[in-house]
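Worksheet for the structure shown next.
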């Protein structure tokens, strides 16, 4: 699996693309592949305050329900409304089917996240391949 080099990643398999003080958040291709067919996405609401490492929503698949963990702290500025009617878009392209956009409280928080190379190594270590 290829992971976009300009994204940062969590060990819980979320990604964030940073653009100035705004971050776009989704789940990784590894996560969607592990979950299987996604049937529902619970997103936060615009205006919600999100704290790094805390649950901000969930993804439900035919196999399981998985919590989503915030890669950074901030205020939700947008949610991907398309996922309400078509959550399977995450299965089609996990790295463009974003879940929320967030105005970062502290851009430095993203520096502690994994880059693409480190995330790929983490996945290999976790899966044993």
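Note: Cβ is positioned from N, Cα and C throughout, glycine not excepted.
Database features, via Swiss-Prot:
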DOMAIN    22-103  domain 'Lipoyl-binding'
MOD_RES   63  N6-lipoyllysine
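Within the same chain, residues at least six positions away from the residue listed as 'N6-lipoyllysine' with a Cβ under 8 Å of its Cβ are 35, 36. Summed and averaged per residue, pLDDT over the domain 'Lipoyl-binding' (22-103) gives 97. In the three-state DSSP classification, residue 63 (N6-lipoyllysine) falls within coil.
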